[in-house]
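So that you can see what the record holds, here are the features copied from TrEMBL:
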TRANSMEM  12-36  transmembrane segment
DOMAIN    24-303  domain 'Sugar phosphate transporter'
TRANSMEM  48-68  transmembrane segment
TRANSMEM  80-97  transmembrane segment
TRANSMEM  133-151  transmembrane segment
TRANSMEM  157-177  transmembrane segment
TRANSMEM  189-210  transmembrane segment
TRANSMEM  230-252  transmembrane segment
TRANSMEM  259-280  transmembrane segment
TRANSMEM  286-303  transmembrane segment
REGION    307-343  region 'Disordered'
COMPBIAS  307-320  compositional bias 'Polar residues'
């Protein structure tokens, strides 16, 4: 019994550490990416640099023995390719949304994903239907988002077109990559390598289709040696570093928790993002918009409470205390017989 309790406690803290790491990286990355895109206004190239840093970082650290990742094979890459395409589209729409809208708008649409992911989880992955309290909390998130959109003075068709595209792709990405994580059998660093390397291979296609390559070459010709401005270089470097960190913590957390819980974790940690955004940016929502935004995040907290069950240890202790001495002796005999059988 003590060994079981130790293992469950160890597992609890390991899972909590992974979720906390993902939450911290996610809360900071939205602000860092917004800062990077204002100083380096090339979303396609920025995401490509992030993929390159992550894929190359995993490969180099693996070569020096600092981490272990699954070997790259084209057979596995073909299986993972659909997930990588969905992931790329989610990041691509995310970056373009931040390019055309403020961080608050991004957070509100990000907050809508738990409701859609919960429905998709139930429909496509045959997960249990949300409880009444869980569903109410998800509707609170939706209500806050609707209130924000209705009072958004910075509403533009371009920004909200990217927001809608992001909402669709991030919902698909949350559910489908969870499916891949549970069924493909790669370790965490293997997922990071495959995901970023395949995304890097797709980056030039979108770079050309969007015409961004023309803007980059024009900027190179106009600015010459001053193109790599120190502030822009620092912003891009931070964005790439946190891109690698969130890749690891994101896949590790996906393995540890459900798709909906993972999604809500990404929503709740935006409390910190909102605080940072209000402190450093002058382009944020109105006071009522911020109230609606906090309303959606409060719905995320309520959701987390609604899906948190009683600790296993307490229920196990209660069951143990209800067993009388004769039942305990019988269970001990069965346990000894089971050990011999397993040997």
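The chain as shown is numbered from 1 upward.
A Cβ is built for glycine as well, from the same backbone N, Cα and C atoms used for every other residue.
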The transmembrane segment (12-36) vs the transmembrane segment (157-177): three or more C-beta pairs under 8 Å (separation of 6 or more)?
no
The transmembrane segment (48-68) versus listed stretches 80-97, 157-177, 189-210, 230-252: most Cβ pairs under 8 Å:
189-210
Between the transmembrane segment (230-252) and the transmembrane segment (286-303), are there three or more C-beta pairs closer than 8 Å, counting only pairs 6 or more apart along the chain?
no
Between 80-97, 157-177, 189-210, 286-303, who has the most Cβ pairs under 8 Å to the transmembrane segment (133-151)?
286-303
Out of 80-97, 189-210, 286-303, what stretch is closest in contact terms to the transmembrane segment (157-177), meaning most Cβ pairs under 8 angstroms?
80-97
Considering every residue in the domain 'Sugar phosphate transporter' (24-303), what is the mean pLDDT value?
80
